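Visitor: Got a structure for you, questions after.
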């Protein structure tokens with residue numbers, strides 16, 4: 001009689017401990033996620049602040065709009081504030097957005113105790129730079145060291161070099177146009193901004209980038225890093241990890257810039273006082289070297305100086321360069337604006353001939369030029385997205401809502417600059433709105449350089465560059481948008497406003 005074959009054991013019999021462990025882990029995961037959702041919806045300190053359900057539960061809204069849709073998150077805020085009829089909305093589990101000018105001025109004031117959110121400002125692994133310093137006292141000390149370079153008087157001293165670098169670019173553009181080639185001013189004026197900033201950083205170092213038909217490597221790398229920032233919000237250790245795995249690897253443009261910084265820095269790093277005294281105007285790097293010697297009695301590292309320099313370059317490219325492109329585009333789109341601007345420039349006689357010394361007081365008081373620049377800042381918010389701050393222990397009252405301590409709080413320039421009550425028809429470029437003689441709220445809402453203690457240190461330099469460039473350009477040159485012209489100038493939020501398409505022009509000397 002044959003013995004029957006025993007049945008094969010089931011999977012549960014073969015791997016009982018593993019199956020039970022997986023089941024247990026799944027239950028733990030479900031309970032943890034479910035508990036977090038319940039806590040965020042019904043027991044969180046922000047539960048009474050209105051906003052999308054998905055935003056209260058997770059960071060999905062930010063991920064979807066900023067990464068999947070590529071930098072569109074901050075453009076949803078005005079609609080959300082309207083939908084919920086509230087000056088404050090919840091845009092994340094512990095993140096709120098303000099659209100209230102009084103609250104904005106409380107948060108972004110001189111001496112504010114609403115500190116920068118460290119997880120946001122250090123995600124690009126640049127936590128030693130002046131921009132990313134979150135400690136108020138440490139930032140104040142660093143700013144004092146550099147402030148002499150960024151006063152109005154110091155900015156005016158740089159005018160000859162600003163004009164020299166501008167004329168180099170215009171000569172290149174004239175040559176391009178004579179050859180029948182269109183000029184990509186989106187890349188060219190941003191490249192010019194790099195060379196302007198580099199002059200303040202490194203003094204007489206020559207041009208960091210050259211002008212060509214193709215985008216310079218350094219500009220390509222800056223754009224790549226900016227595009228990566230929304231991703232770094234979710235993976236903040238990505239760059240530090242990559243740097244630790246391949247510390248000597250840098251993109252081509254960044255590597256070349258660091259080499260320029262190294263060549264400039266090494267002869268100065270151990271004897272800063274002597275080198276500064278030999279020049280009428282120190283550079284940012286020289287002042288940082290001197291400060292390190294004075295406070296720490298030792299020189300800074302070359303890597304530290306290169307990182308600080310790169311942060312300045314990164315900050316200056318799209319703020320000044322992008323605003324110039326926006327101004328030129330909108331001026332050329334409206335013959336009436338171009339005519340009125342030229343009439344004012346011609347009447348001022350400030351730009352009669354190249355090389356004429358500029359009366360900066362008179363230049364700063366040209367009403368229509370200033371109106372064009374203000375409107376360019378408004379319609380092209382250089383930093384359109386959230387600039388997160390941490391609510392201090394006393395909290396913040398916004399209308400009928402109380403925002404508790406520890407909440408991450410943001411207020412965006414895009415929302416302020418496109419406020420329909422203050423700026424009717426906000427998508428239209430209307431410089432005349434800045435020529436009003438009555439008291440209005442426009443100046444309070446226009447904050448292209450932010451406000452308070454953490455406002456952009458380079459505001460005087462940037463404004464001088466904008467006035468000089470637009471004044472010189474439209475006094476001496478004829479510009480024409482290439483066909484087909486863009487119907488509008490659109491941007492996406494890569495921390496800075498990044499153009500969706502380039503502006504192309506032809507240029508020639510102005511006919512008498």
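Quick reminder: no glycine exception, Cβ is built from N, Cα and C everywhere.
The following feature annotations were taken from Swiss-Prot:
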TRANSMEM  18-38  transmembrane segment
CARBOHYD  184  N-linked glycosylation site
CARBOHYD  263  N-linked glycosylation site
CARBOHYD  275  N-linked glycosylation site
CARBOHYD  374  N-linked glycosylation site
CARBOHYD  419  N-linked glycosylation site
BINDING   456  heme binding site
Visitor: Of the recorded positions listed here (263, 374, 419, 456), which is spatially closest to residue 184 (N-linked glycosylation site) when Cα positions are compared?
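Guide: Among 263, 374, 419, 456, 374.
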Visitor: If we check Cα distances from residue 456 (heme binding site), which of the glycosylation sites 263, 374, 419 wins as closest?
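Guide: Nearest by Cα distance to residue 456 (heme binding site): 374.
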Visitor: In this structure, which of the glycosylation sites 184, 263, 374, 419 has the fewest other Cβ atoms within 10 Å of its Cβ?
Guide: 263
Visitor: Relative to the Cβ position of residue 456 (heme binding site), how many further Cβ atoms are located within 10 Å?
Guide: 19
Visitor: What is the interatomic distance between the Cα atoms of residue 419 (N-linked glycosylation site) and residue 374 (N-linked glycosylation site), given in whole Å?
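Guide: Residue 374 (N-linked glycosylation site) has its Cα 15 Å from the Cα of residue 419 (N-linked glycosylation site).
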